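Before any comments, here is the structure.
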Amino acid sequence: MAQGRIRQYDAKINAISRLIDSGIILLTFLALFDIFNATWDVLYIWSLLFAIVLFNFFAESQDAYRSWRGTALREEVSAVMFSWFTSVFILVMIDIFFIHSGSYLDSFVFLWFLLTPIELISWHAIVRTSLAILRARGVNTRNVAIVGETTLGKRLERAFNEMDWSGFRLVGYYDDRSQKRVETEPNLVVTHKKVGDFNQLIEDCKAGKVDTVYITLAMSAEHRIRHITELLADSTASVYLVPDLFTFNLLNSRWVDYQGITAISVYETPFAGIDSMLKRLEDIILSFVILMIIAIPMLIIAAGIKFTSKGPVFFKQTRYGVDGEKIKVWKFRTMTVTEDGDTVTQAQKNDSRITPFGGFLRRTSLDELPQFFNSLGGSMSIVGPRPHAVAHNEQYRAQIQGYMLRHKVKPGITGLAQINGFRGETDTLDKMQGRVHYDLKYIQNWSLLLDIEIIFLTIFKGFVGKNAY
């Protein structure tokens with residue numbers, strides 16, 4: 001009989017979390033119903049029940065009730081927000097196309113849509129914060145061991161040390177090699193030492209001293225890895241294999257299973273499956289709302305262009321979209337010359353081609369407003385790497401390593417590079433490298449909250465800049 005302890009995320013806690021979330025949805029509805037003195041209708045009852053069922057369904061698809069130990073809060077928040085707003089979207093669509101009641105326009109129902117996610121997120125944040133405090137004080141911890149005193153193992157130790165809130169408590173390293181064969185890296189400071197060999201690890205796992213084992217041996221050490229995993233099968237410790245992939249510049253690496261054959265992506269888009277739906281839903285809703293808000297200003301701008309210079313109001317540019325597909329990007333015309341040929345001449349300060357009114361539009365980024373139609377139509381996104389001229393792409397893809405990886409997502413109206421100062425003319429290689437750096441950083445770290453943060457910061461510092469002309 002296997003010895004040891006199993007510490008799994010308690011199914012009872014899982015059920016309680018679901019119950020509390022459903023209770024928040026219910027109580028928020030009832031409270032607003034009472035505040036607004038609304039009259040009961042069978043449609044409200046069905047909407048409430050359907051919302052709870054839908055939320056739980058999408059929360060399950062997002063794995064929202066798993067153990068989030070060791071992960072950022074924003075990942076949990078993204079799962080909750082997606083689950084709620086997708087449920088709301090479906091409810092509204094059902095009403096618009098089938099029921100025609102317009103109940104979603106009622107004040108208390110609209111507030112219910114908006115306040116519920118705030119309360120859900122607040123509750124999840126309180127739980128996470130409370131657990132982090134307890135774990136930092138030694139409560140609800142998990143004892144972990146690292147197999148292999150390797151550079152990768154030491155990087156993993158550093159990660160554990162930086163995440164004391166996660167409750168990981170490193171017991172130490174286990175390795176059969178002599179100290180002379182241990183990998184060293186001067187820049188990696190470690191606080192734990194070797195505590196034993198593989199046999200000692202097995203004994204510690206059986207005695208319940210180790211809950212989780214992380215194997216950080218080189219991928220070439222296949223026989224040693226197989227040997228240690230076979231030994232660990234005689235315990236109940238959880239075992240993780242940490243592949244040494246630091247030799248690659250990974251972009252959204254993930255595991256893919258093909259009939260039992262596992263593949264690891266080296267370069268991939270972050271928008272797959274549910275995340276793709278979430279991103280598209282974000283673009284549709286925000287683009288529609290923003291276009292309603294800016295409709296009159298756009299008409300005024302169109303009139304200004306027509307009255308101040310000859311030529312069309314709009315200007316179409318050919319750009320690379322997702323996966324390098326060519327798309328047409330819409331802008332307000334700001335120049336007297338509108339060709340978009342095989343060579344590219346970036347707008348410069350005091351450029352004679354820019355009209356006086358066009359100069360104002362470019363300095364304030366108002367010339368980009370028609371791109372919300374691109375976002376609504378699906379060829380662009382509100383947030384993403386800015387699209388460059390085709391000739392620019394061909395020029396810089398040969399000069400900057402990984403340049404074309406920015407096309408693993410749809411181009412955006414604003415992006416992480418723009419709020420970090422890389423807006424406007426990129427007249428030097430350093431400027432373009434800086435922009436590409438932030439573009440890839442955005443792709444690697446995408447989340448719904450990051451998109452919201454970028455949109456918010458764009459309002460304050462993304463529209464104007466010293467390079468905007």
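Quick reminder: no glycine exception, Cβ is built from N, Cα and C everywhere.
As annotated by TrEMBL, transmembrane segment applies to 15-36 (among others).
Among the features that TrEMBL reports, transmembrane segment is placed at 42-59 (among others).
Annotated transmembrane segment per TrEMBL: 80-101 (among others), in sequence order. For the transmembrane segment (80-101), the list of distant contacts is 21, 43, 47, 50-51, 54-55, 58-59, 61-62, 64, 113, 116-117, 120-121, 124, 274, 277-278, 281, 285, 448: same-chain residues at least six beyond its ends, Cβ to Cβ under 8 Å.
Beyond its flanks by at least six residues, the transmembrane segment (107-127) meets 17, 20-21, 24-25, 28-29, 32-33, 35-36, 38, 44, 47, 73, 76-77, 80-81, 84-85, 88 of its own chain at Cβ-Cβ distances under 8 Å. What TrEMBL records for 107-127 (among others) is transmembrane segment.
Model confidence over the domain 'Bacterial sugar transferase' (279-462) is summarised by a mean pLDDT of 87. Residues or ranges marked as domain 'Bacterial sugar transferase' by TrEMBL: 279-462.
Long-range contacts of the transmembrane segment (284-305) within the same chain, counting only residues at least 6 positions beyond its ends with a Cβ under 8 Å from a Cβ of the stretch, are 85, 89, 313, 332-333, 357-358, 361, 366, 369-370, 372-373, 375-376, 382, 455. As annotated by TrEMBL, transmembrane segment applies to 284-305 (among others).
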